[in-house]
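Asks: Positions annotated as ATP binding site by Swiss-Prot: G8, D9, V10, G11, G12, T13.
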Amino acid sequence: MTKYALVGDVGGTNARLALCEIDNGAISQAKTFSTADYDSLEAVIRAYLAEKQQDIKHGCIAIACPITDDWVEMTNHDWAFSTSSMKANLAFDSLEIINDFTAVSMAIPMLSEEHLMQFGGTTPAEDKPVAVYGAGTGLGVAHLVHVDKRWVSLPGEGGHVDFAANSEEEDLILEVLREELGHVSAERILSGNGLVNLYRAIVKSDHRQPEDLKPRDVTERALQDTCTDCRRALSMFCVIMGRFGGNLALNLGTFGGVYIAGGIVPRFLEFFKASGFRAAFEDKGRFKDYVAPIPVYLITHDYPGLLGSGAHLRQTLGRVL
């Protein structure tokens, strides 16, 4: 008889739940819930389990916030809960709550070539460290290492490191944003709002008045080539995305590859392919030859968070990935 576990990927707007086959990691019966329709994560889980009528005793939920203790408070929603209390309330034998990019990193060993698009480099070295990052509402970062036949995710808040300007143009951008924001993190550039920040800073650095644009406006005008400032912003976004990925590669020697997740890049994929992304990734001065063979992949799987939550849980239960 097939045994299932509950897996989830929860953000500020949507909570996506699914079943994961414990033996092989297959994800099925995924369903997306609006977080605005429920008072708590537990209420969403109960609604889902009531529909599926499965005997579930194990769960793993990925959430877009730091996970440091039993008590979890979402940063982009008002849900807060005790993991141990939720586990008891649901009568689960185990319940894991992990960071969303911990889940994405754990998906890497489960991905097939059909769910990856390569941008330069050669082939990934087996069992070598991996880096994962992605721009969306924020900038998520994680690393993955292989130790004693187990994959270990190294989560953190790498999206909040300082933005490092590396050209005269970027110096001007940093000057404008520092005046507005004080501390300028990488996430202030590499995110949906970051794209708007880039556009605004480009215009203001030229002593002009920017329009009140949304991220989608900047992207659409850039792709339609109807706004030079928007096109410059999107081009700079791709370059800085490459440079940031190259920094991650240097940090841990990620010869297992650097993987891009998140919802922004697929919206302008052809533009991204033709951009200065890969050149910026390799632009490491004396260490250009070091990073040159490291492959970069865009994850195209529909549910990497669910896949990774399942992988994390299965490994916790003793399965070898």
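Glycine is treated like the rest: Cβ placed from N, Cα and C.
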Asks: These are the binding-site residues: G8, T13. Which one scores highest on other Cβ atoms within 10 Å?
Replies: G8
Asks: If you run the three-state DSSP split on D9 (ATP binding site), which class comes out?
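Replies: DSSP call for D9 (ATP binding site): strand.
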Asks: Among all protein chains shown, how many Cβ atoms are found within 10 Å of the Cβ of G12 (ATP binding site), not counting that one?
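Replies: Within a 10 Å radius of the Cβ of G12 (ATP binding site) lie 17 other Cβ atoms.
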Asks: Tell me which of the binding-site residues D9, G11 sits in the most Cβ-dense spot, judged by other Cβ atoms within 10 Å.
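Replies: That would be D9, with the highest Cβ count within 10 Å.
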Asks: Hey, for the ATP site built from G8, D9, V10, G11, G12, T13, who else sits with CB inside 8 A of the CB center?
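Replies: The surrounding set, listed in chain order, is N14, A15, R16, T35, I63, A64, D100.
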Asks: Within the chain of V10 (ATP binding site), which residues six or more apart in sequence place their C-beta under 8 angstroms from its C-beta?
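Replies: Listed in sequence order, they are R16, T35, L41, I61, A62, I63, A64, M74, D100.
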